[in-house]
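Undergrad: Pasting a structure below so you can have a look.
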Number of protein chains: 2
Amino acid sequence: LFQSQSKVAKLLQLKAQLGGDEGKHVFVLKTAKGTRDYNPKQMAIREKVFSIIISCFKRHGAETIDTPVFELKETLTGKYGEDSKLIYDLKDQGGELLSLRYDLTVPFARYLALNKITNIKRYHIAKVYRRDNPAMTRGRYREFYQCDFDIAGQYDAMIPDAECLKIVYEILNELDLGDFRIKVNDRRILDGMFAVCGVPDEKFRTICSTVDKLDKMAWEDVKKEMVNEKGLSEDVADRIGEYVSMQGGQDLAERLLQDPKLSQNKQAFAGLTDMKLLFSYLELFQVTDKVVFDLSLARGLDYYTGVIYEAILSQTIPASVSTPAEQNGADEAGVSVGSVAGGGRYDGLVGMFDPKGRKVPCVGVSIGIERIFSIMEQKAETSSEKVRTTETQVLVASAQKNLLEERLKLTSELWNAGIKAEVLYKKNPKLLSQLQHCEETGIPLVAILGEQELKDGVVKLRNVASREEVDVPRADLVDEIKKRTL
Amino acid sequence: LFQSQSKVAKLLQLKAQLGGDEGKHVFVLKTAKGTRDYNPKQMAIREKVFSIIISCFKRHGAETIDTPVFELKETLTGKYGEDSKLIYDLKDQGGELLSLRYDLTVPFARYLALNKITNIKRYHIAKVYRRDNPAMTRGRYREFYQCDFDIAGQYDAMIPDAECLKIVYEILNELDLGDFRIKVNDRRILDGMFAVCGVPDEKFRTICSTVDKLDKMAWEDVKKEMVNEKGLSEDVADRIGEYVSMQGGQDLAERLLQDPKLSQNKQAFAGLTDMKLLFSYLELFQVTDKVVFDLSLARGLDYYTGVIYEAILSQTIPASVSTPAEQNGADEAGVSVGSVAGGGRYDGLVGMFDPKGRKVPCVGVSIGIERIFSIMEQKAETSSEKVRTTETQVLVASAQKNLLEERLKLTSELWNAGIKAEVLYKKNPKLLSQLQHCEETGIPLVAILGEQELKDGVVKLRNVASREEVDVPRADLVDEIKKRTL
């Protein structure tokens, strides 16, 4: 019947003639490496998580936009530093050179420049792609969701930055994933610190990458990398070591402003002054119990210019949960903490796209949703409550034969009245299998039709859980179902 | 500051040394050909359309799944007939050969086979990719949404098929896009008809493709293609011509069952018998006013095995609207009708993925959403009602200076109480610009703070539309805002 089937058959024949794999084409039935399907149960959890996040974004007055899954290759070029090798390119099939988006931030900046938008508060929830060496066992996917919130525009210092942190705080609270911390630092403080410690200018970025590993590696190993691989002197590394062990709040910012060397560095001074201001706003937003100024935080991406932050769950996650986890660059299997959000200020990115280099200051946050999904899935697994994957209110059923047409007619009436209704696609299903379908999928009500009910102009309405049955006049059925499934 | 900026600079220098384009790198600021961004207004419309469609799918008891944007290339191979050339391949960067999904049906079938699922009712809304020669002016995008609903499982004939048509009917009614028709035919009737007319077996599919052009081309031109390009005799073509001009309902199915030649063809007989049954269910679903049995309908895709259908808007669409339109294969610029949904039965597709060839019967429908978006956008354009892109209920404002901290504090209180609130990110914004922000974005309320209000423990609540102001005790503010923005 299928042309394509016969084509496949011909190909197989051909292959057989050529010898080789015994004429058997081994078709591998799987998803692409590093990707996964979401089944209905996972989707129900995903939509619950999204709805909490979207509510928060909307509460903060954000609009939403969408950009294509692929961009011109050159749009993504030169934005991700050493990670550029992880970008998926499309095959050159004649036409433009294209790549799958690596994050939602660069497409956002491209969108602002293309449409000459100078201020917007937007969120964007979509999949991004990284040709990472995945090892799904280490919790990395090659296709995964990001939930981004960004504020673009020329505003007074640190107000939008504080709102981004407030948003992370609200979302992690509402998702109820246990205790968490939000680490904050500033690119300018890092740069100033490197300068003061005696790191040569051209090594700032690469030393930054090394510092970024402090959440996974001991200081001793980080220092080794600095000295042996990156060529710093022991002295310089030790001076960095002193700084990156510091943690605190507004007090630490104040203390470092007293540090004669650091405060004389222009960059560090600006960063520390802003950090002080940021904490004063965070105080007003009542989030300082979870936010910590941490000099070891050094996010990898090239485009950050000011404040940077990262949120980390404190709870110990069993290795089994951390498996299908997060992709933001800071995770290992079975580790006790997980980065679930990150972001910062990137004032130069839009200007890289503008023909005249006009800058649009931006600050934003990205929620790394995959690890959150995993934790929620694990929670659902261990909870006694069953996750429903449909919202069906009533099954239209019959115990007698030859009532298919009557069942279809009633189902149609219910659909027309906006009731979520199902009917089994069998001429004469057994009542038991109809009730079983309700048990399995959590449908709370059954509307049962029989010869007698049809004669009397009623429908027998059965509560699946309590097994109670009552005859409802057909004209009242819709209201009765609505009342019972509020 | 940016390492990447300096990299780009170096590249530009290099290019300049090599001569060529006068040292100027012409960076083209655009989206990839055939794709588009959705701005906040378009997103608001898109989400409205999606919510109508998802409600309908849920009303019919569907669960949802999600599959990756790319599949193994061989998963998509041999499923789309002549259209296979439109598949986007990913570049071979070492690893698996991958392609972007061309529709949601083949990934669905792969999902069923991979997970050994033999019955499910699911919907899936996601983007698909076709490397079509786009001409966006002709309304074709290379990235576009599909909204699919499918029923998989071994059921009694025509019941799920009828539900798919009911769903198309409900959705097109609720979207309120004007009158429409749903054409129905059956692959088996087409094949039987071709056999009876004397088309050689091996030409069924290619003649089917030609018949498929009848909605865009006159019969005379279709006939010419059959005779001159596909090598049919005039006689055979004329016999086909007689059949494909037929339209009707259950009556036509009955009449054709009386056709001695057609009814003796096994395939045609099965198709016509099912068509009769289908219409009896459509009668119960009260949708026969829009459904027409049309022997000229011949959808292109290879995988259909039984009933096929296509929904067409009757209204005349101005050329400007049909521009950013639909991709289901049946559209031209400025034409008066547009196919906005299509589908059918594909009982063999899952079996193509199963190692043992086990079949899972499937029937489904795909809503082609892009043209619907365009019509809704056009409607919004001409309507006086403004599309809101945020849901903000209240702006926290002040007419006086030095109240930033108080504004932030109140805003935070409102967020904590679940109120959608905004505050301008300026130390001392003018009241006028705060009110203007409300006018522009449709925020209905302003909560105004001043020295006096702070002293009195109240907030001045202003209705933006009526300009009415009233002092509300701070403790009652949340309730008052909720009451007014129900």
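Placed from the backbone N, Cα and C atoms, the Cβ positions cover glycine too.
Take a look at what TrEMBL says about it:
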BINDING   A:Asp103, A:Leu104, A:Thr105, A:Arg130, A:Gln146, A:Asp150, A:Arg299, A:Tyr303, A:Tyr304  L-histidine binding site
DOMAIN    A:34-376  domain 'Aminoacyl-transfer RNA synthetases class-II family profile'
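Describe the structural context of each listed feature in the structure shown, including burial, neighbouring residues and relevant distances.
TA: Sequence-distant contacts of A:Gln146 (L-histidine binding site), defined as residues of its own chain at least six apart whose C-beta falls under 8 angstroms from its C-beta, comprise A:Asp103, A:Leu104, A:His124, A:Ile125, A:Ala126, A:Lys127, A:Val128, A:Ser366, A:Ile367, A:Gly368, A:Ile369.
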Undergrad: Just how many other Cβ atoms lie inside 10 Å of the Cβ on A:Asp103 (L-histidine binding site)?
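TA: A count of 20.
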Undergrad: Using DSSP, would you call A:Thr105 (L-histidine binding site) helix, strand or coil?
TA: helix
Undergrad: State the count of C-beta atoms found within 10 angstroms of the C-beta of A:Thr105 (L-histidine binding site), not counting that atom itself.
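TA: Looking across every protein chain shown, the total is 26.
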Undergrad: Would you mind pulling the DSSP three-state label for A:Gln146 (L-histidine binding site)?
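TA: Note: A:Gln146 (L-histidine binding site) is in a strand by DSSP.
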Undergrad: My understanding is the cutoff is Cβ-Cβ under 8 Å with a sequence separation of 6 or more in the same chain; which residues meet that for A:Arg299 (L-histidine binding site)?
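TA: Correct list: A:Asp212, A:Ile308, A:Glu310, A:Gly342, A:Gly344.
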